[in-house]
Amino acid sequence: MSENIEIRTIIGNRNINTVSDTPVTDPASGAKGLEGSNAFVCQRSKLDTKTSALKKSNRYRSRSLSASSTDSYSSASCTGSSSDSDDVSPREKVQKNSAGNSDFCVRNINQHAFGRREIEIAEQEMPGIMALRKRAADDKPLKNAKIVGCTHINAQTAVLIETLAALGASLRWAACNIYSTQNEVAAALAEAGYPVFAWRRKTEEDFWWCIDKCVNAENWQPNMILDDGGDATHLMLKKYPAIFKLIKGAITKFPTNALRFNSRYRNSRGECNRSSSSISAVERWQADRPAMNVNDSVTKTKYDNLYSCRESIIDSLKRSTDVMFGGKQVVICGYGEVGKGCSQALKGFGCVVYVTEIDPICALQASMDGHRVVKLNEVIRNVDIVITATGNKNIVSRDHMDKMKNGCIVCNMGHSNTEIDVNSLRTPDLTWEKVRSQVDHVIWPDGKRIILLAEGRLVNLSCSSLPSFVVSITSATQALADRII
């Protein structure tokens, strides 16, 4: 009887304190149970020591990122790509598709079958762009177009790329974000013969190299730009002004591009600086060539910005942090369509939502939607999540991050990676700890840590994916803009 009691005690403690997968000994087999008791006690002793050390190191670790949850990558961390962290750069590999073509640079061309499957699934949810492809394919309205593309490269963008090709365009494509590329989709496009230069988690040097390969290609002269954030336009203006003069038109998707384009060639008074010959060339180019900002179209802002972001912000935060939303205090910087979508979603999940906004009309909208409009400094010490959605720069500064509470989650829903002053965090006094793909803990000397997602880049494209249906509307708008130009 005493043996059985002792066995049950050991087994009970083992269930609570160990993580071994060893089957539990049946209490009915007395001798067998006692035989393994020393092993159980030893395991428990070792684990107690490890647990004590873990508690010390994780004194400031957020509950939303427990020790168990940080041991593995999030389900969206690679978006189907398992080789993001290969030591060998794709630039050092010699790859060819099945046709023997090597005019591309992707992580792994052998992933093309998986990427093709992703594209086919996206096509089923993108009726608008597919209808345009079917309707205009015979006419080939873009047969003389040679387009340099710089956008996110995912399944939805692949549908746009193949639609533009079906309409007759010649294409060269790079990624506008170092984290948003789906490696298998890039491989599928390369296998299909498209010159694609993109892979997930490339360096800044690789980023500009890829765009350069699209702009300055042998025996190929671009005459159009499809540029999400202005990077291809910027490089062409700075490095290849002769090529830029031959561009017939440009299309952008985000207001960031327009802001960069205007600010680059205007002085502090808002007047064109006419002392530079290159600026005069830009003015002449603008005078007789169209440049379209798709973000000015209601078919982009009222659908993609609002409905896509409303769903993807929740998906991104859940996949990357496992955070419980109920009762969390969230501040959203900016109450445009993106900010509206994020606030609706988070309020629906039980968050207390604060909004910062400089536009009085949007600020009044936020107030009438039931949110408290504040200055960021008023709430920064108490909020659990900070989301930027302005399209501007240095919205969240180092001073703001110094004031944040331990475990505060910081992310960006605007296009550029400049909304959060991430560079100010790369100082000797702060420690960076990577806990999973796209999730970094930035640790202060006193042990406080904030949770930075995607290094301040677009969180919904870095940590999750987008609903194909709403992206179909944006893609169709871009394709129609190409056709008009």
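Counting starts with 1 at the first residue shown.
Even glycines carry a Cβ here, placed using N, Cα and C.
Keep in mind that TrEMBL annotations are predicted by a computer and have not been checked by a curator.
Annotation comment: TrEMBL describes 52-100 as region 'Disordered'. Here TrEMBL flags 63-83 as compositional bias 'Low complexity'. Taken from TrEMBL, the feature domain 'S-adenosyl-L-homocysteine hydrolase NAD binding' covers 305-466. What TrEMBL lists as NAD(+) binding site is G336, E337, V338, G339, K340, G341, E357, N460.
Where TrEMBL records a feature, it is marked here on the structure.
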residue : record              : contacts (Cβ under 8 Å, 6+ apart)
G336    : NAD(+) binding site : T301, N305, C362, A389, T390, G391
E337    : NAD(+) binding site : T301, K302, N305, L306, C309
V338    : NAD(+) binding site : N305, L306, C309, A389, M413, G414
G339    : NAD(+) binding site : I332, C333, V355, E357, C362, A366, A389, T390, M413
K340    : NAD(+) binding site : L306, Q365, D369
G341    : NAD(+) binding site : N305, L306, Y307, S308, C309, R310, I313
N460    : NAD(+) binding site : S308, C309, S312, I313, D315, S316, M413, L466
Inset, instruction - Looking at NAD(+) and its recorded binding residues G336, E337, V338, G339, K340, G341, E357, N460, figure out the farthest C-alpha pair and report it in angstrom, whole number. - result: 21
Legend entry - Mean of the pLDDT scores, which run from 0 to 100, over the domain 'S-adenosyl-L-homocysteine hydrolase NAD binding' (305-466): 95
Inset, instruction - According to DSSP, folded down to helix, strand and coil, what is G336 (NAD(+) binding site)? - result: coil
Inset, instruction - Within 10 Å of the Cβ of E357 (NAD(+) binding site), how many other Cβ atoms can you find? Include all protein chains, please. - result: 22
